Amino acid sequence: MTHDANTEMDRFGVDRDQVKPRRKRRGGRGEDLMVPEAEFRSYYGRPIIKAPVWKNPDVPLYLFLGGLAGSSSVLAAMASATDRPTLRRASRLAAAGGAVGGTVFLVHDLHRPQRFLHMLRVFKPTSPLSVGTWILSPFATFAGLTAATEVTGWFRRTGNVTGVAAAVVGPALATYTAVLFSNTAVPTWHEAHRHLPVLFGSSAAAAGGGFGLVFASVADNAPAARLAVTGAVVELATERTMEHDLGMLADVYEKGRAKTLMTASKACLVAGAVGAVVGRRKRWSAALSGLALLAGSALTRFGVFDAGIASANDPAHIVVPQRERIRRREESTRAGSTPPDRRYAPSAGS
Amino acid sequence: MTNVFDAFSGASTSLYGELPNPAEDAGFDGERPKRVGFFTDTSVCIGCKACEVACKEWNLVPDDGSDASDLYRLTGMSYDNTGDLGASTWRHVAFIEDVRPHSGASAATGDRASTATGVEVTTGHLPSALPAVSGGPVPGAPRDAATAPPDGGTVDLLALLPDDGASGATGNGAQGAHGQQTPDDERDVRWLMSSDVCKHCTHAGCLDNCPTGALFRTEFGTVVVQDDICNGCGYCVPSCPYGVIDVRESDGGAHKCTLCYDRLGSGLEPACAKACPTNSIQFGDLDELQATADARLAELHGRGVEEARLYGRDPDDGVGGDGAFFLLLDEPEVYGLPPDPIVTTRDLPEMWRNAALTALGLGVAAVASFWRARK
C-alpha cells in the first residue's frame, strides 16, 4: 500500500474527483453511452483494481520517444535512399536519441533498475513488455550504429544497411506500446484496444515528421511535412472516435488533468498541422510547426496515461460495464437458466 | 503455455476459456499433485483477522504503513482498517456494515420517513436499498455505511444511529443500533465479513504479462512470484482484474499470496487456513473444495439464505475459474470484487494483430510521404 505520494493520492481518493462517479456527465453526448447511466454498488467507493505503478513522466515519455524513434527511422532510411542529407541526418539522430532516451526511461521506471537485464531472460509473446524489450533492443542497436556512422562519417555503407534494419523494426516500436497499455485490466485502456494502436502510430508519425520539420532544411522537409500532417489528422480523428466508442469510460478524458492534456494536445496538433501545410517552406515556421507537432504527440501520451490512472481508480469503470455485460449475457442466454453461481437461487433474488 | 503458435491460434485455451489443468498447460508433465486452492465461506467468517496475522507471521510480510505515524491509520469507513490487498497484505478481511431501513419499521414509520424528508425510502430486498456511492446525501434520509462519504471525509458512524435512538420509532424497540437484525428498530444492521486473497486464476493476467518470468505456475496450479527474478517493472499490477498484486515500495518487488508454496511443499496447509477459527477459509484439492462449496450453497439456499452465491467457482468464467473462490452473501462488488472479471489476455491476439497492421500502415505512410516529393 505504500507508494509515492502521487500514487497514494490517486489510489486513496485524496483526489476524490478521480474516484467518485459523476452525477451528470457527458453533457450533450449522452446518447452515445455504451452503457446506460446506472447506480452501482462498491466497497466504500474504493478502487477495485490497482492503478499502474508506472512512473510519470518516465512511461509517457518512453512512449513518446519510442514513437518518435520508430517513425524517424523510416524517414531516415527513405531520406538516405532519396538523397536528402539534412532530413537523413536529423531523422537518424532522432531514431538513435529516441531509442537510447526511451531505454533510459524504461530502465529508470523499473523499481529494481539494477535488474533491467532480467527483461532479456525470456521471450514471452503473452507479455507486451517482453515483446517490446525484444523490439527495442535490436532497434536501439541498429539505430545507434546508424547514428554513429552518420556522426563520424565512418562505414557509411554499413550505416545505410543498419539504417534499413532499424526502419524495418521501427514502426513496431511505435505501435506495440498500444498493446502494452491495452493488455491491462484498466478499463479505459483495455476497451480502447482497437483505437490505441492507430492513435499511437499516428502520434508517432506526427512526432517523427515534426522532428524532421524542426531540423531538416526546407529543401528536404517535404516528406516530413506530409508524414506529420497525415499523422496529426489521423491522430485527431482516432482520438475522437476512441472517446466516442468508449462511452461512459471516456469520462476520464473529460475531467481533470487528462482533459487539460488532451485539449492541449489537440491544439498543438492542429496548429502544427496547419503550420506545416502553410509554412513548410520558411525555416522558422517549419521549425515552429514541428515543435508544435512534437508537443502534441507527447501530450497525447501523457493524457492517455493520466486517463488510465483515473479509470483504474474509479470503481464505476469496473462495476458498471461488468454489470451491463452480465445483464446482456443473461438476456441472450435467456431467462430460466440462472447463472451458475446462483444455481439454487431464484432469479428474483437480485 | 507450451507452444507459442498454439497459444495465438485461437484453437488453444491457454489465454482464455475453460482450462481443466493449468499446471499441465504450463508444462508440468507426469506425476504432479492435484490443483489446490481455497474455498472461503464468508457466511461463517467472524472478521477476526487471524488469517491476516497468520499470513504476515508465516510469510514475514512487513508492515504496510509507510511510517510510524501511518502505522495506526484508520480508514474511517468500517472496522476494516486494512483497506485492500496489496504487496504487504496477502489476506484482507473486508468488513461491510450494512445499514438499511427495516421493512417492518418502515411500514410503521414509512409516513414519517417519506413525508418528513420528502424522499421515498427504499425498502424491500437489499440491492435496491444499497445504492452505494450513487445516492446523494439527502438530509434525514437513511444512509448506509457502505456509502462513501460524498465529500471525501470520514464516515460519521454516529450519524448512522437511528435518529430517535433506543426509544424506537414504534416505542418498543429496546435494542442497540448495532445489534444484528434489531426487529423493532428503524433499521437493520448487517455485518458482512470476507477474507479476500489472491484468486490464483486459471488464466492469470499477472503471470502472462510478466516480462521476466518471475511469476510462474506451480505444480499445484497456483501462481507465485519469484522475488529473485522480479525486476519491479510493475506490469503485473494493472494486469490483475482483481487488484491483488502490487509493488512494495521498500524493496521494489511485486508481491502477493503464494498460497504458502513453501508449506505446500512440506505437506502443510497454508497459514491462513490453519489459523482460521471458524473454518471459513478451507484449503484442499480444488475439485473437492468445489464439491464442498456446492453442497454448502445448496444447504444455505435450503435454509432460505437466497442471497448466498459462489464467486469464482465457475470454470467457464472470464478467468477460467479461480483457484481461490468464495461463498458470498451479497453482490461481489459490495465486497470490493469485480462482478464479472475477464482476463486481459482474452483480447491479446487481436491486439497484436491490430498493432502489427498499424505498424505496417505507419511504415507505408512514411515511405509514401516520399512519393514524388519535390526537393
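Positions of Cβ are set from backbone N, Cα and C atoms, glycine also.
Automated prediction, rather than curation, is the source of TrEMBL annotations.
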Next item on the list: Could you check which of A:93-111, A:226-244, A:283-301 is flagged in TrEMBL as transmembrane segment?
Entry: A:93-111
Notebook entry, point to check: Under a Cβ pair cut-off of under 8 Å, which of the recorded stretches A:131-149, A:161-179, A:199-219 contacts the transmembrane segment (A:93-111) most often?
Noted result: A:131-149
Notebook entry, point to check: What stretch in A:131-149, A:161-179, A:199-219 has the biggest tally of Cβ pairs under 8 Å against the transmembrane segment (A:61-81)?
Noted result: A:161-179
Checklist line | Secondary structure content, the compositional bias 'Basic and acidic residues' (A:324-333) (per DSSP, counts of residues) | finding: 10 helix, 0 strand, 0 coil
